[in-house]
Amino acid sequence: MASEDVKTSESAVSKIVNLAEEAKLAKEEIKPTKYQVYSVCKSLIAGGVAGGVSRTAVAPLERLKILLQVQNPHNIKYNGTVQGLKYIWRTEGFRGLFKGNGTNCARIVPNSAVKFFSYEQASKGILYLYQQQTGNDDAQLTPLLRLGAGACAGIIAMSATYPMDMVRGRLTVQTENSPCQYRGISHALSTVLREEGFRGLYKGWLPSVIGVIPYVGLNFAVYGSLKDWLIKSKPFGLVEDNELGIVTRLACGAAAGTVGQTVAYPLDVIRRRMQMVGWNNASSIVAGDGRNKAPP
């Protein structure tokens with residue numbers, strides 16, 4: 001009887017120990033989820049701050065670019081980079097250089113969040129289909145499939161925040177002499193929705209979607225090709241131990257972005273001009289002044 005009691009107690013102790021270990025393992029499995037959430041939040045905040053700083057730094061050039069894209073060709077006010085920046089400074093002052101930048105910065109965090117989530121989901125979906133097609137459960141995403149996932153994420157994120165980009169374009173274009181002023185993001189969104197309907201918030205969406213494909217594709221392709229060429233040829237001592245330095249990687253990224261932006265730029269011009277169509281009391285920049293006044 002004593003031996004049976006000992007065995008029973010040992011069995012009970014063993015069960016308790018096993019339950020404690022399982023609880024500990026379950027607790028440890030929960031921790032990575034918390035860390036992942038923290039990591040995602042940290043990435044979004046860091047990306048939002050970095051994006052806001054970078055966009056603010058180039059805001060004058062970004063505003064001038066939009067003004068050049070949409071101005072009335074029969075009533076030219078902005079003619080080149082230097083002249084255009086001087087004209088904005090003379091007519092609107094320092095604040096004029098940064099008009100519309102607040103909307104652009106406010107768009108960064110939700111855009112980054114949607115893009116991050118969309119890329120994860122698109123990658124999982126594409127990987128699942130790829131594994132089903134190949135019959136290999138251990139298959140991984142190829143660079144081309146990652147490119148497709150990135151393009152999907154870019155299109156979804158751009159579509160989700162497109163109304164903010166649309167009103168940002170109009171806020172950027174209007175001047176102090178515009179017949180009707182949008183007072184801010186909320187006022188612009190509500191005014192466009194009331195006067196032009198829901199579709200008005202997505203004017204120019206299609207050229208934006210089409211432009212994402214060559215822009216993202218060429219970014220990846222040019223960057224990868226430059227990186228491979230530099231590692232193989234090793235010119236000017238830029239490569240050490242088959243690794244590119246930070247400055248070299250930045251230069252490759254800049255070159256890739258330039259090529260992608262140049263090829264997709266005509267679609268960007270079309271998008272901006274389509275965003276101005278239907279704007280009641282459009283800015284004098286778009287409609288023109290005096291005898292040269294024309295509907296956008």
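Each Cβ is built from the backbone N, Cα and C atoms, and glycine gets one as well.
According to TrEMBL, the protein carries these features:
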REPEAT    38-125  repeat 'Solcar'
REPEAT    141-229  repeat 'Solcar'
TRANSMEM  204-226  transmembrane segment
>> Cβ under 8 Å, sequence separation of at least 6 from the ends of the transmembrane segment (204-226): give me the contacting residues as numbers and ranges.
In response: 143, 147, 150-151, 154-155, 158-159, 162, 166, 252-253, 255-257, 259-261, 263-264, 267-268, 270-275
> Which numbers of helix, strand and coil residues does DSSP report for the repeat 'Solcar' (38-125)?
Replying inline: 72 helix, 0 strand, 16 coil
>> Give the mean pLDDT for the repeat 'Solcar' (141-229) on the 0 to 100 scale.
In response: 87
